[in-house]
Amino acid sequence: MVRSIKNLKKVKRKSKGSRNGAGASSSSVPSMPAKVWQPGVDKLDEGEELQCDPSAYNSLHAFHIGWPCLSFDIVRDSLGLVRTEFPHTVYLVAGTQAEKASWNSIGIFKISNVSGKRRELLPNKPETDDADMDSDSSDSDEDSEDEEDGGSKAPILQLRKVAHEGCINRIRAMQQNPHICASWSDSGHVQIWDFSSHLNTLAESEAEVSQGESSVFNQAPLLKFKHKDEGYAIDWSPLVPGRLLSGDCKNFIHLWEPSSATSWNVDAAPFVGHSASVEDLQWSPTEPHVFASSSVDGNIAIWDVRSGKSPAAYFKAHNADVNVISWNRLASCMLASGCDDGTFSIRDLRLLKEGDSVVAHFEYHKHPITSIEWSPHEASTLAVSSSDNQLTIWDLSLEKDEEEEAEFKAKTKEQVNAPEDLPPQLLFVHQGQKDLKELHWHAQIPGMVVSTAADGFNILMPSNIQTTLPSDVAA
C-alpha cells in the first residue's frame with residue numbers, strides 16, 4: 001500500500017540543460033551500441049549516463065502544475081471520438097499533494113498544441129539529437145521536423161485552480177458528464193464538483209495561463225459526504241450516469257445514486273466484506289449493478305448491489321495488498337490486478353467457479369504496482385506503473401517468435417540490444433519519472449498515455465503501439 005508522495009515540495013522551473021523524461025540524457029553520442037537499462041537489475045558505472053531514445057516515441061512531453069499530484073483524470077471532450085493527427089489537445093483534472101492542507105487545489109487544465117510525429121519502427125541511424133525535456137509549464141522531445149508534422153515544439157498549458165481543503169487522494173471525472181468530478185480528500189470527505197464553467201473558459205481561450213499567476217477560485221462542491229476514515233477507492237459507473245462508489249480505509253464501501261443532475265443520495269449502510277482497507281473499485285463495463293473491489297487484505301470481491309451488502313464472490317488474489325484493479329471494457333471477462341509486491345495478474349472471471357481464474361501473472365516489476373489500466377482501443381493491451389519508476393505497456397496476445405526476432409535484429413544491425421530475459425508480452429518501457437503514481441489512456445486519442453509522478457506529468461505516445469481502428473472511423 002504505497003500512496004503518499006515522498007519529500008513533498010513544489011516543482012520549480014528547471015534550468016536549461018536539466019533533464020526530465022525517459023531517463024537522464026546526454027548530448028554526447030554514445031561510444032557503444034545502446035541497450036535497454038533495467039531499474040533494479042542494471043547498475044550505472046562511474047561516468048555513465050542514461051539517454052532517452054526519442055525515436056521510441058511518436059510524442060513525448062512533460063509538464064507540471066505546481067505541487068505534485070497523486071491522482072488525475074482525463075476529461076472527455078467534444079473534439080472528436082477518434083483523433084489521430086497532430087497536434088492534439090487534452091483536458092485533465094488533477095488534485096495536489098501540498099505541504100499544507102490549505103495550499104491544496106484541484107487543477108482543471110487544457111494542454112493544446114501537443115506535437116508529435118509518426119516514427120518508423122525500425123531505427124535508421126543512432127539518434128544524436130539532444131532529447132532535452134526542458135520543463136517550464138510544458139516540455140517536448142520533438143525536433144524541428146515536428147513543426148511540419150504537428151505544430152510548434154512547445155505545448156500550451158492553460159490552468160484554472162479550485163481551492164480544496166486537504167490533499168486529494170483520488171479524483172475521477174464522470175464519463176457521461178465530464179464536467180462533473182468526484183474527489184477523495186485525506187480529511188475523509190468525498191466531494192462532487194461541477195467544473196463546467198472552468199472547462200468552458202478553457203475551451204474558449206487560446207492564451208497561455210501562467211501557473212504562477214493563475215488565481216485560485218473558491219467554489220462550493222455540489223455534495224460533500226464524510227466517511228469514517230480517508231480513502232482512495234472511487235469509480236463512476238460507465239453504464240448509469242451519476243452512479244458512484246467510494247471506499248475507505250475502514251473497509252466500508254458506499255453507493256451514491258443520483259436524484260437529479262446535481263444531487264445524490266448516499267446509502268448510509270455500507271457494503272462490508274473486506275477485513276482491511278478498500279484500495280480500488282471498478283464497475284462492470286456490461287452489468288450496471290455489478291462492481292469489483294480490491295483490498296489490503298489481499299482479496300478481490302465481486303458485488304451485486306441488488307443482493308444485499310455482502311459480496312457475491314470473494315477470493316484471494318495476491319499475497320500482499322491489492323493496490324489497483326482494472327476491468328477490461330473491451331473484453332468484460334478480464335480483470336487485471338496490481339499488488340504491493342510488484343506482481344500483477346490477469347483473471348478470466350468466467351473461470352471463478354472452477355477455482356483458478358488466473359490466465360496471466362507477471363513478476364517483472366520489483367516494487368509496488370501503483371496503477372494499472374486496460375487500453376480503451378485494444379482488448380489485449382494494458383499499461384502498468386510501479387514505484388520502481390517504470391511505466392510499462394503489455395500486449396497479452398504476443399508470443400516469442402525466434403524467426404521474427406532474428407529478422408528484426410538483422411534489419412537494425414544490432415542497434416537494439418534488448419535483454420534476453422524480458423517477457424515477450426512487454427511492449428514498451430517508459431522511464432524518467434520519479435515516484436510514479438497513476439496513469440490513464442486517452443479514450444479519444446489512440447496510443448496516448450498520460451502519467452503523474454512526484455516530479456510532474458508526462459504525455460507519451462510510444463511509436464510501437466499500433467492501434468487497429470475500424471475502417472469506417474474518421475480521424
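Using the three backbone atoms N, Cα and C, a Cβ is placed for every residue, glycine included.
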(request) Would you mind telling me which of 1-36, 397-432 TrEMBL tags as region 'Disordered'? (result) 1-36
(request) Could you tell me how many residues in the repeat 'WD' (271-313) are helical, how many are strand and how many are coil under DSSP? (result) 0 helix, 21 strand, 22 coil
(request) Calculate the per-residue pLDDT averaged over the repeat 'WD' (362-404) and state the result as an integer. (result) 92
